[in-house]
Amino acid sequence: MNASLPGFPFFHYHQDQLYLEQVDIAALAAQYGTPLYVYSKAALLHAVSSYQQALAHTPSHLVCYAVKANSSLAILQTLAQAGCGFDIVSGGELQRVLTAGAKANTVVFSGVGKTRAEMHQALKAGIKCFNVESLQELDVLASVAKEAGTQAPVSLRINPDVDAKTHPYISTGLENNKFGIAYKQALAAYQHAASLPDLRIVGIDCHIGSQITEASPYLDTVNRLLALIQQIESHGIHLEHIDLGGGLGITYHDETPPTPTNLYQPLIERLHAHGLQSRELLVEPGRSIVGNAGALITQVLYLKPGAHKNFCIVDAAMNDLARPAMYEAYHEIVELKRHTDLPAAPYDVVGPVCESSDWLGYDRQLRVQAGDFLAVLSAGAYGMTMSSNYNSRTRAAEILVDGKSVHLIRKRETVTDLYAHEQLLP
Ligand code: LLP
């Protein structure tokens with residue numbers, strides 16, 4: 001029997017086995033071991049095209065995928081080939097996107113703490129622009145550009161002081177967040193930038209948070225930006241592009257975020273109404289490109305019934321997927337094989353790491369026995385990139401599925417990889 005997984009269109013059950021595109025995931029788990037990250041290429045391309053369609057009626061636009069969500073080279077390569085630019089936050093991410101085949105002039109560099117070395121690296125590569133987040137950063141960037149004998153393209157990240165209505169740890173557009181230049185200082189910051197001959201002002205940007213499931217914070221932000229843009233341009237400073245950041249949420253459980261078209265259509269209309277339709281429009285989505293394209297596959301090691309709770313102890317842990325421990329995030333957990341003969345029971349799904357915060361899901365109804373495999377869904381974004389080696393656990397392998405084809409895109413780490421840079425005392 002075939003059955004789709006509601007909310008996860010690239011996963012489906014075929015004869016009670018979970019498939020990703022045309023691949024039986026249990027066969028991958030058996031061949032490559034667990035914990036294992038699996039991604040669907042079709043899901044990545046579908047997500048990119050939904051952004052490209054949403055922006056299709058603007059004269060020029062660029063979808064700058066936020067690399068921090070998932071920076072595996074083959075993922076970046078797939079997105080570069082699909083026409084994405086990139087939003088990076090470190091010299092390391094710059095090196096990754098260039099290695100994956102990105103064109104430097106499609107890269108925007110965000111982040112509050114860029115170092116001089118990173119600025120030099122990015123200027124040398126020829127990136128599209130620096131999203132500058134403070135007045136001091138403007139001065140340092142100007143001095144680095146002077147040293148390099150070039151002009152640095154800059155956009156100022158404005159903190160619009162709007163509530164993104166998301167988890168406080170992933171909210172970034174409020175006045176008390178460390179991000180961006182305060183709305184009230186923005187005009188003065190642009191005037192200062194314009195006075196520095198080693199900088200070239202190219203745009204304006206903002207990013208108000210992540211896993212945003214409503215359109216209204218974006219509308220508030222655009223309204224605030226429009227007023228500011230008019231002010232800035234009335235001082236003779238021209239902005240070639242407007243970057244609306246990322247942050248669009250995905251379905252983890254029962255969230256119903258807007259589609260890119262539903263989100264951006266009204267925003268684009270607002271730009272039109274203000275005569276700004278000719279400006280290049282940039283967006284920086286991360287989670288909504290990769291989140292639901294991936295899952296973390298894990299094997300049940302032990303079932304441990306308790307007086308108050310049953311534990312399902314699996315071989316993936318908080319070092320593989322930190323989101324539940326860090327944000328109390330919900331990820332759907334499903335069986336790779338649907339047992340019709342086992343009774344369903346409630347379990348806390350936990351990992352082997354020695355911390356009580358090492359859990360992947362609380363109180364889940366599962367039909368499982370030791371040795372079975374589970375899929376932790378929506379794990380494509382902020383899964384592998386936030387993984388660690390805590391408890392000397394090796395990082396998982398990663399697979400990209402493309403129709404019937406299976407590509408190993410990252411080998412499982414070995415323990416000797418973990419201490420390769422360490423030294424014993426003489
Ligand atoms: N642009 C900037 C400047 C950002 O800081 C971020 C994310 C994005 C774009 C992409 O946002 P997205 O479209 O992925 O929501 N680790 C957290 C999420 C942290 C997001 C940080 N900034 C989590 O696992 O939920």
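Including glycine, each Cβ sits where the backbone N, Cα and C put it.
Bear in mind that TrEMBL entries carry predicted annotations, made automatically and left uncurated.
What you are looking at is a predicted structure, and each value in this text was computed from that prediction instead of being measured.
Binding site for pyridoxal 5'-phosphate per TrEMBL: Glu284, Pro285, Gly286, Arg287, Tyr382, plus Gly247 from the candidate set Gly247, Gly351, Gly361, Gly403. Taking CA atoms as the reference points, Tyr327 (substrate binding site) and Cys354 (active site, proton donor) are 18 Å apart. Computed over the domain 'Orn/DAP/Arg decarboxylase 2 C-terminal' (37-380), the whole-number mean pLDDT of the model equals 96. Taking Cβ-Cβ distances under 8 Å and a sequence separation of 6 or more, the neighbours of Tyr382 (pyridoxal 5'-phosphate binding site) in its chain are Lys68, Ala69, Asn70, Gly286, Arg287, Gly291, Ala322, Arg323. Neighbour counts of Cβ atoms within 10 Å were compared for the binding-site residues Gly247, Glu284, Pro285, and the top value is held by Gly247. Across Gly247, Glu284, Pro285, Gly286, Arg287, Tyr382, which the record gives as binding pyridoxal 5'-phosphate, the greatest C-alpha separation is 15 Å. Straight-line distance linking the Cα atoms of Glu284 (pyridoxal 5'-phosphate binding site) and Glu355 (substrate binding site), rounded to a whole number, equals 34 Å.
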